[in-house]
Amino acid sequence: MTAKPKTAPTDLDTLSKAKAKVELKRLSLEIERHNNAYYQDDAPKISDAEYDALRHRVEAIEAKFPELVSSDSPTQKVGAAPARGFAKVQHAVPMLSLGNAFSDDEVAEFLTRVRRFLKLDAEQIPAIVAEPKIDGLSLSLRYEHGKLVRAATRGDGFTGEDVTANVRTIKDIPHALAVAEPPAACELRGEVYMLKSDFLALNQRQETAGEPPFANPRNSAAGSLRQKDVAITASRPLKFFAYAWGEFSDLPEATQYGMLGWLKRAGFTVNPLITLCKSVDDALAFYRKIGEERATLPYDIDGVVYKVDRLDWQERLGFAGRAPRWAIAHKFAAEQATTILNGIEIQVGRTGALTPVARLAPVTVGGVVVQNATLHNEDYIKSLDIHIGDTVVVQRAGDVIPQIVSVVRDKRPEDAEPYEFPKFCPACGSHAVRDEDEGEAVRRCTGGLICPAQAIERLRHFVSRGAFDIAGFGETYVELLYEEGLVRNPADIFALHSKVDELKAALFRKRESLATQREEKTGKKRKSSLSEEKRQYTDVENLLAAIDARRTVAFNRFIFGLGIRHVGEVTSKALVRHFADVKAFLDGVDAAALARPGPAWLDLKNVRYIGEITLERLLEIQGGADTNEERQGFQPDARQRASLLSHYGNEEKIAGALQAARSEAPGPAFQQLANDSEIGEVATQSLIDFFEETNNRQVVTALMDQVQVERPAAASAKSPISGKIVVFTGALERTTRDEAKAIAERLGAKVASSVSSKTDLVVAGPSAGSKLRDAQKFGVKVLTEEEWAEISGNE
């Protein structure tokens with residue numbers, strides 16, 4: 001059945017007050033849904049342009065009927081209420097959003113309003129600070145006497161989410177202000193974001209881990225910051241630009257531009273492109289220049305923000321509704337195009353995640369030919385009511401991953417059928433079930449090792465650079481040897497020496513197949529030669545030699561190579577610190593399984609306002625402390641009591657739940673891993689789940705019979721770089737980047753990917769770029785590769 005296109009909105013000139021009231025109610029509900037999707041779920045359902053169009057309609061109706069403006073209107077609110085699971089934080093000064101301009105005329109009108117409000121003479125032109133509008137997550141940082149005490153998301157503008165623990169892992173955010181006389185109290189604000197390159201690398205890790213890719217850098221930054229597991233946030237390459245403030249006990253500067261300088265001196269990163277403009281022409285020239293450079297910037301922006309420079313004028317201008325009169329956002333037009341959706345392909349990752357990919361008729365979007373686009377997940381497809389054959393609007397989300405943002409329903413073919421997400425794995429036919437614990441409700445194949453797609457992805461991961469790193473054992477070999485039945489699990493790779501004839505035959509068949517395809521395509525017959533036979537023999541010998549070279553492997557690479565969900569390179573290295581060898585590792589995971597928290601404990605933990613402090617008190621009581629509190633039982637505060645009553649129903653059930661939770665608290669073996677900031681509860685549970693699967697344990701046992709696992713050499717306490725943070729930049733000539741990193745870690749250093757005020761050393765090779773400039777900015781010691789070789793003993 002063909003869906004009906006949306007009815008065009010009534011023209012404002014003919015819109016009656018009664019109809020306006022109904023439309024405002026509908027628009028308010030629709031905008032609220034999209035606010036929740038964007039701010040709480042980090043999963044927007046519509047494009048920025050579509051969202052702005054909804055808001056513009058509300059503003060236009062309210063301008064005609066000002067008596068219909070209500071306190072719950074979208075024009076009077078910002079963002080969305082804080083999500084459940086985080087403590088609420090009241091902003092001392094509200095974090096309001098900005099009004100938007102979409103044309104040069106609207107920017108000029110903004111400045112005219114400013115001059116009119118301030119009653120400035122014609123020759124008095126207010127200076128304007130122009131800054132790139134970073135597409136990230138707004139954050140407020142509260143400092144008291146120079147120390148970071150709290151970090152909160154914007155939330156609804158008045159109340160945000162407490163993300164202090166997660167924010168402390170972001171290198172760009174100082175824990176103490178680097179100024180001689182810090183204010184008694186201040187709220188400093190800015191944007192958490194992710195570099196495009198880091199986003200692409202993160203998505204590659206997601207794909208390697210068999211997880212769905214993130215939609216764009218903004219969503220991945222927001223989702224990373226709002227993780228309940230701090231270890232996950234710490235593993236994500238988040239960055240922060242400071243650009244504003246809320247409460248401030250004593251402002252040290254009189255202008256916006258001057259305050260940006262103070263923020264830099266205090267230890268924050270301030271966007272270097274920010275410019276002080278003396279006229280509207282200067283501001284618009286900046287906008288055009290940034291627009292031209294947008295594609296080459298290392299981070300995503302969606303416009304330019306203009307702010308009146310003088311702070312006394314900002315104070316006089318004040319606010320109108322949800323936005324300041326002294327600032328406005330000049331938005332970029334979205335890079336979009338329409339094309340035909342030819343089909344949807346389901347890709348199966350290493351952990352069984354089913355990820356939909358749109359196959360499109362080729363179309364150019366922002367100068368790039370797009371044939372594939374992300375559809376995120378099952379719920380996203382349903383929300384857009386996607387049919388195969390639809391005409392769809394494609395947008396380069398975040399200038400990186402193309403995505404389908406809407407359907408042109410009036411162009412839908414009569415025979416188009418709605419897309420049904422598969423309930424069975426397309427690779428093995430096993431049931432595919434929704435994992436409701438995932439933020440995006442991912443559907444996963446239950447086939448495990450019998451699923452060829454998962455098995456092939458796991459084998460690819462096993463031989464990859466960060467794992468066993470078997471040279472030459474690429475994607476082609478993995479697929480070929482799996483299809484030929486020669487390699488079905490990692491241990492089979494090391495048994496290929498006993499199957500040399502079968503291996504040669506498999507390679508011969510593959511080459512013959514490719515040659516036949518070439519002959520059919522070109523019409524030219526291939527001549528067999530001795531050189532081809534020799535090449536085939538050499539390929540086999542080289543492959544077997546590369547395999548032999550990896551029969552001894554570092555402990556952390558062994559763990560990472562197993563492809564355990566949520567156990568990446570950082571977590572693998574952390575696990576090595578806890579266990580002496582593989583046997584101790586397996587025994588430790590088994591002990592953690594026996595010590596894992598029970599359902600009653602987990603249920604209590606998920607009750608609102610029952611946080612880590614409460615859980616720790618329960619643990620103390622569980623330990624049998626002979627105190628009055630132990631005899632009387634744990635006493636929640638009023639807020640916790642109300643939440644417990646809402647969750648359990650009555651006092652008797654609360655008492656029973658507390659008693660049950662105490663008996664099901666996690667034991668030391670579980671806590672040892674879960675409390676490590678680089679492991680965390682999620683990875684600990686994944687380890688338990690992995691080794692409780694008999695097939696997985698058998699694979700590991702078989703692998704241990706084939707390889708020797710060696711523990712990394714202990715870090716030298718006497719090393720001159722022990723405990724220091726080191727960053728490598730530029731092209732290294734003596735060693736590879738991975739080798740240099742391994743040497744630094746062996747000597748007790750921590751290797752970081754970016755330079756901050758906390759960095760101790762930067763090793764700069766030829767063609768060093770922004771990291772070298774950052775080192776000079778922060779006063780970090782810079783070493784040449786020769787100097788590094790000398791202090792690391794790698795001459």
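Heads up, the Cβ atoms here are built off N, Cα and C, so glycines get one too.
The feature NAD(+) binding site is assigned by Swiss-Prot to Asp48, Ala49, Glu50, Tyr51, Asp52, Ser97, Leu98, Glu131, Arg154, Glu191, Lys307, Lys331. DSSP assigns Arg154 (NAD(+) binding site) to coil in the three-state reduction, placing it in neither a helix nor a strand.
Lys133 (active site, N6-AMP-lysine intermediate) counts 20 other C-beta atoms within 10 Å of its own C-beta, drawing on all protein chains shown. As annotated by Swiss-Prot, active site, N6-AMP-lysine intermediate applies to Lys133.
The Zn(2+) binding site annotation in Swiss-Prot covers Cys425, Cys428, Cys445, Cys451, and the record cites sequence analysis as its basis. Of all Cβ atoms in the shown protein chains, 20 besides its own fall within 10 Å of the Cβ of Cys428 (Zn(2+) binding site).
Swiss-Prot lists 716-795 with the feature domain 'BRCT', giving sequence analysis as the kind of evidence. According to DSSP, the domain 'BRCT' (716-795) comprises 27 helix, 14 strand, 39 coil.
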Work through the binding-site residues one by one (Asp52, Leu98, Cys425, Cys428, Cys451) and name whichever has its CA nearest to the CA of Lys133 (active site, N6-AMP-lysine intermediate).
Leu98
Among Leu98, Cys445, Cys451, the binding-site residues in question, whose Cβ has the most other Cβ atoms within 10 Å in this structure?
Cys445
PLDDT averaged over the residues of the domain 'BRCT' (716-795):
80
With Cβ-Cβ distance below 8 Å and at least 6 positions apart along the chain, what are the contacts of Cys425 (Zn(2+) binding site)? List them in sequence order.
Val348, Gly352, Leu354, His431, Ala432, Cys445, Thr446, Gly447, Cys451, Ala453
From the Cα of Cys428 (Zn(2+) binding site) across to the Cα of Asp52 (NAD(+) binding site), what is the distance in angstrom?
44
Cα-Cα separation of Leu98 (NAD(+) binding site) and Cys428 (Zn(2+) binding site), in Å?
51
Quick check for the class: what is the C-alpha distance, in angstrom and rounded, between Glu50 (NAD(+) binding site) and Cys428 (Zn(2+) binding site)?
40
Neighbour count (Cβ, 10 Å) for Lys307 (NAD(+) binding site):
21
Residues flanking the Zn(2+) site, with Cβ no more than 8 Å from the Cβ centroid of Cys425, Cys428, Cys445, Cys451 and excluding those residues themselves:
Val348, Gly352, Phe424, Pro426, Ala427, Gly429, Ser430, Ala432, Thr446, Gly447, Ile450, Pro452, Ala453, Gln454
Going by DSSP, is Glu50 (NAD(+) binding site) sitting in a helix, a strand, or coil?
helix
